[in-house]
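Each remark here refers to the structure printed beneath this line.
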Amino acid sequence: MKITTLVASILMSVLLEPVIASFIDTGKDTSAYNRPLIHLTPNVGWLNDPNGLFYDKKTSVWHAYYQYNPNDTIWGQPLYWGHSSSKDLTHWEEHQVALGPQNDDEGIFSGSIVIDYNNTSGFFDESIDKDQRVVAIYTNSIPDTQTQDIAYSLDGGETFTKYKKNPVIDVNSTQFRDPKVFWHEETNKWIMVVSKSQEYKIQIFGSLDLKTWDLHSNFTSGYLGNQYECPGLIKVPIENTNDYKWVMFLAINPGSPAGGSSNQYFIGEFDGFEFKQDDSITRVMDAGKDFYAFQTFSDNEQDVIGLAWASNWQYANVVPTNPWRSSMSLARKYTLGYVNQNVETKIMTLIQTPILNNLDVINKVEKNNHLLTKNDSVITNFSSSTGLLDFNTTFKVVGESIDSNSLSNIEILIHSQMSNSSTESIKVGFDRSVSAFYFNRDIPNVEFNNNPYFTNKFSTYVEPSHYDEDDMPVYKIYGIVDKNILELYFNDGTQTMTNTFFMSEDKYPHQIEIASNVDGQFELQSLLIRELNN
């Protein structure tokens, strides 16, 4: 897996009236051992869906807003837009709250941000740089309805003024939310995709000025679950061509195939009015349990880059962290390519590449052309640990299978440091007998792991990257572990799996071991393990 490098006071709006209560600590601060180093987290409070992602071309800064409750570590109203920024998509700096509701029983729900270069909204004059004409489009959720509202910023997205004639769309519904807006060059207008959540509709609207919207069409495909949320629609380039396809994203919760919440996507064409799928396939974005509410950055013309919420609504409110809860995934770059589903079928698939910038390599271990045996594992011997490690390996299945009725596996074990005379581990494995990868995050000493929805063991099928000259399957896997989250990228990102995990107090990832329970069945063609620091 290649690591992509991209070149990349409290002055509130007068409309953000409610006072944010001071955070009350309800338990031990776990920041030292399970706060991720490079995954965006709030300093205190609750975080969920990414909102309003945009790139400021004037300052070369990436902005991420998110659903935020500063008053507690669980979801609850009043709900705000928190705000963080980054110069490299790896290191994040928290800002003041950006948007807030009028009353304590209301919420500024999910939405997006656009740059109104041509001042179609009329909110700006020439004193505001064209690259910083920031307009937020969001769901205003009040007890009896959800409407789509807008607000504008005159200081590059730090503070916002709400439009006096809000709402801009009101369809008299309590389940109408999460607008994602973009400029459609071909028809010279703004496009909004927004969810009629419990009707399983993604509605497509058009506007010339961000204020007056016309309904164009409905998109109604996909795996249903309980409701649709957090849609998106964007052009994604096809690798090794000058072409692209439109991709529709949507999230479902609850009721995803793996339980709880997840993301799906569809590939097709968009003419400015209607999105039409190229095929009838519903594609899954991530095979893990902790990847939801995906959104792409606007106004980044070079690449398609996005973030997701790295949690699951089945257990997000009770994960053992304090004084914050939840993180984002790593930023990922997205392209499309044809990928083998089996030996006879290729389909167009999203390819996901993690973005890591400006990290120090503290320690590393390398191995090449190494045949694993039961008594000869490869293990790091790092004297220190930041809790931030990655591994990149290509391995080949060799020889004849010994027994198709028993496990014949290669495992990547992530061990904690020794603390209180014990260590803890999670593992990723490949079982030759069924040609599947599996993940095990079961840590018996942690009470939270008894939560029935925090699925500890699950698997996914991954087609080989390729076959060698002897017709033996070859697999690639890149993984990055950051205190309490593991992101896996199979076969150069053609499939991913994102999962959180929780070790005992004062334990965090320290060593990585590559092992097998059989002799001579797996050859490490290449292996690189690194300890990193931010």
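For all residues, glycine too, the Cβ spot is worked out from N, Cα and C.
Worth saying up front: this structure is predicted, and the values here are computed from it rather than measured.
Copied over from Swiss-Prot, here are the features:
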SIGNAL    1-21  signal peptide
BINDING   Trp46, Leu47, Asn48, Asp49, Gln67, Phe109, Ser110, Arg177, Asp178, Glu229, Trp313  substrate binding site
ACT_SITE  Asp49  active site
CARBOHYD  Asn71  N-linked glycosylation site
CARBOHYD  Asn118  N-linked glycosylation site
CARBOHYD  Asn119  N-linked glycosylation site
CARBOHYD  Asn172  N-linked glycosylation site
CARBOHYD  Asn218  N-linked glycosylation site
CARBOHYD  Asn375  N-linked glycosylation site
CARBOHYD  Asn381  N-linked glycosylation site
CARBOHYD  Asn392  N-linked glycosylation site
CARBOHYD  Asn420  N-linked glycosylation site
Exercise for the section: Give the number of CB atoms, excluding that of Asn392 (N-linked glycosylation site) itself, located within 10 Å of its CB. Expected result: 19
Exercise for the section: Measuring Cα to Cα, tell me the gap between Asn118 (N-linked glycosylation site) and Trp313 (substrate binding site) in whole angstrom. Expected result: 39
Exercise for the section: For Asn71 (N-linked glycosylation site), identify the closest of the recorded positions Trp46, Asp49, Trp313, judging by Cα separation. Expected result: Trp46
Completion exercise
Taking all protein chains shown into account, the Cβ-based neighbour count within 10 Å for Asn218 (N-linked glycosylation site) is 14
Exercise for the section: Please find which two of Trp46, Leu47, Asn48, Asp49, Gln67, Phe109, Ser110, Arg177, Asp178, Glu229, Trp313 have the most distant C-alpha atoms, given that the record lists them as binding substrate, and give only that distance in angstrom, rounded to a whole number. Expected result: 20
Fill in the blank from the handout: Asn48 (substrate binding site), Cβ-centred 10 Å count of other Cβ atoms over all protein chains shown, is 23
Handout entry: Rounded inter-Cα distance in Å - Asn392 (N-linked glycosylation site), Asn381 (N-linked glycosylation site)
Key = 17
Practice task
By CA-CA distance, flag whichever of Asn48, Asp49, Gln67, Ser110, Trp313 among the recorded positions is nearest to Asn172 (N-linked glycosylation site).
Solution key: Ser110
Handout entry: Candidates Asp49, Asn119, Asn375, Asn381, Asn420, namely the recorded positions, that fall within 10 Å of Gln67 (substrate binding site) by Cα distance
Key = Asp49
Completion exercise
The most crowded of the binding-site residues Trp46, Trp313, judged by neighbouring Cβ atoms within 10 Å of its own Cβ, is Trp46
